[in-house]
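Colleague: The structure that follows is given in the form of structure tokens.
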Amino acid sequence: MARPFRQAIIFLLPIVILAGATTGWSASNQDLERKIDQTKRKLTQTRNREKSVLGNLLSTQKKAETVRSNLQQINSKLDKTEESIDKVRDQINLTLNQLEAIRNRIRDRKSVLGKRLATIYKYGYQSYLEVLFAARDYGEFVSRFEMVGRYVRGDLALLKELQDQQEEVARKKEVIARQHEELRQQQTAYAQLQKSAKNEHSRWLSKMQEQQRQLAAIQNDRRSLERALDELEELSKQMESQIRGMQNNSKVALGTGRYIWPTRGTITSYFGYRIHPILRKRKYHSGLDIAAPRGRSIVAADNGVVIFSGRNGGYGKMIIIDHGAGYSTVYAHCDYLLVAQGRSVTKGQEIGKVGTTGLATGPHVHFEVRKNGVPVNPLDYL
Ligand SMILES: [Zn+2]
């Protein structure tokens, strides 16, 4: 190539690129950029909603858990009360049986006594029995019938003893019956507490379910927005011919051919085809994603000339460096661009800052190596 002509090209190149940048791909990407901005705003809103709904859900879960453990305590108290009621009921039945037995013995004793008296006084069994049962106490009875024998005295003593026993058991029965009544009241109170705790628990549970549904819907939205911000394929394809048009056609390498890492960070996505974790679809990724904090330096991977520095739709703020011999590198999603088109840069020179412009959900550098405009695996050159 003749010298003056080459100089003219070098002189004209930035102008051509500038024109290309403002009219060519940049203009065609203005709609895309607007869409990206909208999507990112929506994503931020969705993430905030997700955070607040998640916070609500967590506090609801905590409340439901408190009510649940409260309910458990009430349940165990109710169980214990019911056990006590069963025991007391057994005791009541026992004392009732005792009372019945004592009453039977008293009846038998009185009948024996009546017969004995009838034999002694010959007045007839029935009348003595009536007198016996009508007597206010046995002392009175004994004084009315002075002619009582040893057996009758024994019978009377036994009767007195049985009646004492009867009174004692009856008192015991009263005490137990009161206890039973108290326990029954306790049972009713616990049953009411149980009912209201159950209601409260089911209210919290349904609130939790509602919030879980909300959260799932929001997460769905968030994921589809993130997916929308993950589509660079088409733009990457368009760039192939555009880069070829901008590149210096010289076969002479401007750099060493061995690249250094454009920034310190973690690789979050590799070059090539991968199965999308959510879409379960094969997706093509034209570069290497290196996640790094926003504002961290991005450096030129090798010596070269900046052939593009500006906005490019999904790539956001982007730099392309031509390294000669058909090679170029791309640095996308920058927060700031620090070199202008047409500038020569040296390997390791700071050219921009890490950001999230364009289709990026978090701060990272999307780094591409291209051979004649076609993306190749950057790891083969680093
Ligand atoms: Zn990427």
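Each residue, glycine too, has its Cβ placed from N, Cα and C.
Residues or ranges marked as coiled coil in TrEMBL: 29-109, 159-249. Residues or ranges marked as domain 'Peptidoglycan hydrolase PcsB coiled-coil' in TrEMBL: 100-172. The feature domain 'M23ase beta-sheet core' is assigned by TrEMBL to 284-378.
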Colleague: For the coiled coil (159-249), what is the mean per-residue pLDDT, to the nearest integer?
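Modeller: PLDDT averaged over the stretch: 85.
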Colleague: For a three-state summary based on DSSP, what are the helix, strand and coil counts in the domain 'M23ase beta-sheet core' (284-378)?
Modeller: 4 helix, 54 strand, 37 coil
